[in-house]
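Below is one structure, written out as structure tokens; comments come after it.
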Amino acid sequence: MLTQICNEADDIEVVGTAGDPLIARDKIKALNPDVLTLDVEMPRMDGLTFLRNLMRLRPMPVVMISTLTEKGAEVTLEALALGAVDFVAKPKVDVSQGLKAYADEIVGKIRMAAQAKVKALETPKAQAITRQPEGSAHTVMKKHFKTTHKIVALGSSTGGTEAVKQLVRTLPRTAPAIVIAQHLPLAFSASFAKHVNDATEMAVALAEDGQPILPGHVYIAPGDRHFLVARDGARYMCRLDDGPPVNRHKPSVEVLFRSVAQNVGGNAIGVMLTGMGADGAKAMVEMRDAGAVNIVQDEASSVVWGMPGEAFRLGAAHHVLSLDKIAEKILVLAE
């Protein structure tokens, strides 16, 4: 079925298929494909082990075929950490029907993957995250932040799950609040929040409707709702909306950024990370016009320079920085 979907696209040719990773390994050597699609569930060798070896020895763009389950989410996020470019989630229905329904997404992500930047897998250095006790953290926050405080509004898509983790890794518990719209299905949202929480001193959770937005916290849009920032007097609050997709996405970066432009204005710092398409770029211009300072990830460090590239072309960016420089700039702007 996947072969049929790909062959129906004029610009994609399926040069080979394999029933298990060991056969795939030999065919990759012989056929030298531009993109590999890989199911997380494979016989003889699991998909993650194969991907780990592939990205170490022969890095190439990989699109994972995943399942919309908690286990599928964990495996897929690990695959993205290992270097997979993106994934396509199979819905909880008959597999063939699911792939037919997702044909446009599959073809689009294969096209995108062919243009993506891929790096060899490196062994990450261990980093201990030392969390401050809640009491001391709140004491520090009260000392350094006013009631109406800075908010970082962040949008990301392809490559964003790893980019977000890298960005927050060096931020202290006293950093300004971060609100995030990352393109992910609902089944993956909780796992993503946990992965981000494990990477930072900040407190990370899925956003809840009516929840106050506080410094030192990261709020992530759940995968089936739009995420907006509302204002109640001097306080900022999370709002979730079940409206239709915007720019084909729900959550949409456009919706988040527009609410920030309207309700946060000059207290906002906008950040656009790696991602396919243009979701959020126009609203980032609105943020700039409202007084926010905006940062976009540069092309060299992005997996796909779609969303940040469009924001740059529209004139939304004050700063264009590599991913490893963005956290430092956020802290400077928050002073």
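Keep in mind that glycine also has a Cβ here, set from the backbone N, Cα and C atoms.
Since we're looking at a predicted model, the values are computed, not measured.
Under the heading domain 'Response regulatory', TrEMBL lists 1-105. The helix, strand and coil residue counts that DSSP assigns across the domain 'Response regulatory' (1-105) are 51 helix, 15 strand, 39 coil.
The 4-aspartylphosphate annotation in TrEMBL covers Asp39. Packing around Asp39 (4-aspartylphosphate) is summarised by its Cβ count: 14 other Cβ atoms lie within 10 angstroms of its Cβ, all protein chains included.
As annotated by TrEMBL, domain 'CheB-type methylesterase' applies to 145-335.
Take the CB of Ser157 (active site) and look out to 10 A: across all protein chains shown you find 28 other CB atoms. Per TrEMBL, active site is recorded for Ser157 (among others).
The active site annotation in TrEMBL covers His183 (among others). In this structure, His183 (active site) belongs to neither helix nor strand by DSSP; it is coil. Within the same chain, residues at least six positions away from His183 (active site) with a Cβ under 8 Å of its Cβ are Ser156, Ser157, Thr158, Gly160, His249, Pro251, Gly275, Asp279.
According to TrEMBL, the feature active site maps to Asp279 (among others). For the recorded site, Asp279 (active site), the DSSP three-state label reads coil.
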